[in-house]
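Report on the structure given below.
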């Protein structure tokens, strides 16, 4: 059987450019100075204002459901993120309904001149909502699969965020829009319509729908014990999420009364609601402990914009406008904040959390901030250990050798830790090494005495590859050279100037390269790199590798977040290394120096579990 009519959105392939569909209406509003009450196009301004307020309503509930550090113990269903496919589609209904409203304004010019308020119209709308919209929505929702040839909710939809209200086909949104418009249209038809009713009813409708989909229980359990009738007048987030898990019950819009009348009310809804409001939580098995990169990157957050958070981090006009707010937030977090969770995803039945240390990249280079940062990291490790987390993966500067010895500080302080501390750099080294073409005879390595530089040099010299190690420290170089097998030591060569590599076409950058330093590379050089921020692409006659990263297995669920500048489904190699540590069930910590003998072992384990180079 073919797909039902209007089963997909016509602008599905436009990405974020779909918002340009609002452009003609915006142009008309600007051209007609619609913000002025006397303008004949004032209705355009009102529709656009309503569009913005509606989007803000759903955004508020999305942000609330994403603030895990406030509500993680009140999650309604199993914690996990939202997939990219859902995020891309979930606000389509607002665009469609904006144009439906514009068409109505053209078809019925009297709607452009509604009075500000009429209480009688509000009474009519409320009556029609209860008598028509609620029962018709119930019937449509219950008959949805048979009428539209559509399946019941899928696992993709079992974590229903606020914007999930619009995660439907255009045909369904058209039907819902008619039901939503009916009470206001009826009030207008009898001459009792008003602008206040249009705004008030629409925003109340959005508020209640977004609340019921927010995935966080907001009603106290005692409310329905004190007022039993209330349980049939308002559907709670728990009540609605039961529909997404059991699928054949709780079909109502806002009033469970209609499920009661239709014999589709799940009797366990209120017991579950009481338990959720009292607090419950699923313990993650894995935690990736990150920090904020800079003020601009801090706006790449679900709390700011989930749609932007689902795309690689980049500077946008909105980021520039919000920079003062982000800067103020940075000062507040610096003065008073502790590590908190920011998002989750699921893999192989396990829950994978990302927690954030409320410090920015520049903090890690302030001598007086070192102890405070380590206290934050240590507190997160101890909390994870107490919770029963299996693996905590230190990201970026949280595992800096100068800060805590790559995690060795915490293992030494707490020898009885059950949680395994992992820096993940064994897999990072493997990813970088696999990028080097077979047959390469010589490489130039900067950052040569760092944790990764040491491992890369020792691995390559065993393969009889000549490694020019750029370092000013003869002592550090000799220490690394002594670790190499005696027959391979001759392949490690210390150099002190970039000029030494002017004939070498394979550069591995573990230290940032300025344009001036890059000039010494011959034409055709490829720059591999494990430095943050990435090296500037200065040379047009050379090629540049990306930061070491891997694509998570295809069965990952709920990963609706892009990790910094990486693409969808891709994580930094150290993150992937922690995932492998968890999936393999390794018992030991992975801290301090990289065990060169384990580079191939971890690489093969990563491939075995379905991770792939990005």
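A Cβ is built for glycine as well, from the same backbone N, Cα and C atoms used for every other residue.
TrEMBL lists transmembrane segment at one of the ranges 115-143, 144-172, 173-201, namely 173-201. It is 91-109, from the ranges 91-109, 205-223, 224-242, that TrEMBL records as transmembrane segment.
Each residue in the domain 'Fatty acid hydroxylase' (158-262) has a pLDDT score, and their mean in this model is 89. Within the chain, the transmembrane segment (315-336) has long-range Cβ neighbours (under 8 A, six or more residues past its boundaries) at 292, 295-296, 298-299, 304-305, 308, 358-360, 363.
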